[in-house]
Structure formats: structure tokens, C-alpha cells
Amino acid sequence: MTNQTQMMEFLLVRFTENWVLLRLHALLFSLIYLTAVLMNLVIILLMILDHRLHMAMYFFLRHLSFLDLCLISATVPKSILNSVASTDSISFLGCVLQLFLVVLLAGSEIGILTAMSYDRYAAICCPLHCEAVMSRGLCVQLMALSWLNRGALGLLYTAGTFSLNFYGSDELHQFFCDVPALLKLTCSKEHAIISVSVAIGVCYAFSCLVCIVVSYVYIFSAVLRISQRQRQSKAFSNCVPHLIVVTVFLVTGAVAYLKPGSDAPSILDLLVSVFYSVAPPTLNPVIYCLKNKDIKSALSKVLWNVRSSGVMKR
């Protein structure tokens, strides 16, 4: 196999060669995946069913849950299947689709997190005009811009990557198809399209980071002017988790895409990939919704209705 037209499949790296640990990995990833899917589906359904959860903040949370659901479904099930079936292969077309989805979904998540920071700025710094500032039309426009931007960049990344010539080796140093891992297999010296794609991606991520930082500078300035300690504490508790999520997501993504490549995968490389592809979809529902009174109230209402309907049938 000398180029990508003859490359029929790729081999994904295993977390371990030990048979017992491989099954343990499959079990752990299965639990993580089922937990993430269940939590994100519940959040989406609650926000659709309860009219109180139709504000801008919940609009973004609903779409974030949808993105998280898609992102973890793009990578984890294949890793679980390979561990259970004791195989490492992924088809060429499967790799193309997986790469496109990861770039699209991860990038769109950055856009949503940026929009959420602006929504928090509007809620804290302009509380009387929040609904006017974060109108339904603006929310839809921000969402569409994020999807279109990352969709175009995803196509550019995917087309640029698979237009390159590959070595005879088809072993990826990653548990899913990702640009850095694929570039290690290429024998092409010129990566012009990829270089342009990375530059655009870095500019996009940096501009999102700047918007988030500026929003939080205004937010923390406004919070520090609040006289009541209880209200200050509540505002900080709502904002700090979001800031932590953004920081971890951007830092791990930057490390994965910008650090120099190595000849063999390290456990650190795999952990970094887990942090930006598996951890966010699992942790976001907990971070954003566990202490949210409106969501807890909506869940209690749904459970009560289900229980009441069951009693009535009896």
C-alpha cells in the first residue's frame, strides 16, 4: 500500500495489550458511554418538554447536550467494539467520517461555549435587558454560525488529510481517527492544506478564547461590585465551572493538535485525547445541570407525572 487510494483500512491503537485490562477498558468505556448518553438525552428531553427551559441559556445547553451526545458516539462505540472483538481495524470510509465528525463536533462545541459565556455576561451585566440582548434570533444565528464555520473547516481538514500519500504502515497512534495521528503516516512533504486548516482552526479557537476572557473580565468586575456575599458566591459558582470546562477543553485540544509528534503513542497522548473527546460529553451534564434548580424541578415534575400516570392505570 503506497497511497491513500490503496489504503482500505487503518489500525487503531489499543490502550493495553493485556486481555483482562482490554476487557476492563471495554467495560469502563461502556459505562461512561451509557452514562453520557442517558444524561444528555434526559437534558434534551427536559428542555423540550418544559416551557420554563426555553430561555437562551437552556437553548445553548440543549444544543451542547446534542453535540456531546454526537461527539462521544463518534469515537467511543468503535473503541468498545474493537476491545470486545479483539480487533483494531477501522475502514477507510469509516475513518474519513470519524475524522470529519470529530472536527465538526469538537469545533462547534467551542462555539457554543463561547456563546454561553456571552449569555452569562448578558445575564449578569445587563439583567434588565438580557432577553432583548439574547433574543431567539441571535441565539439561532450564533448556533448556525458555529455549525457552518466548523462544517467548512471539517471538510477542509478531511479533504486535506486524505488527499495526502500514506506510508505502507496503516497503524494509527490513536484510539480514533484524528488529524495528528494520520499525519504521522503520510509520506507527503507538503501539508499546505493541513497547515492552512490548522492556522484557521487556531485563529478560530483563539478568537473564541478572547471573547470568553473578555466576557468573564466584565462578569467578574460586575460580581465584585455586588454587596451581598451570598449573591456573589452564587454568581461565582455559576461561572467558575463553565470557565474550567472551557479551559480544559481548549488546552487539551491545543496540546493534541500543536505538540510535536512522536514515533510511538504514550499514555499521555491517549489521556489528552480522552480529555477533549470523552470527558466533556460525560462531565458537562453534571457541571451545568446538577445544581440547576430549574432542571431539577423539571425532572421532578416529569417523574411525578410518570408516577401519577402509572398509579392511574392501576
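Cβ atoms here come from the backbone N, Cα and C positions, even for glycine.
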Requested in this report: Decide, relying only on Swiss-Prot, whether Cys126 and Ser233 lie on the same side of the membrane.
Outcome: yes
Query raised in the report: Which bits of the chain, at least 6 residues beyond where the topological domain 'Cytoplasmic' (216-235) starts or stops, bring a Cβ under 8 A of a Cβ in it?
Result: 117, 120-121, 124-125, 243
Query raised in the report: Is the number of Cβ-Cβ pairs under 8 Å between the transmembrane segment (24-44) and the transmembrane segment (270-290) three or more, considering only pairs separated by 6 or more positions?
Result: yes
Query raised in the report: Hey, does DSSP put Cys95 (disulfide bond) in a helix, a strand, or just coil?
Result: helix
Query raised in the report: If you run through the topological domain 'Cytoplasmic' (45-52) with DSSP, how many residues end up as helix, strand and coil?
Result: 7 helix, 0 strand, 1 coil
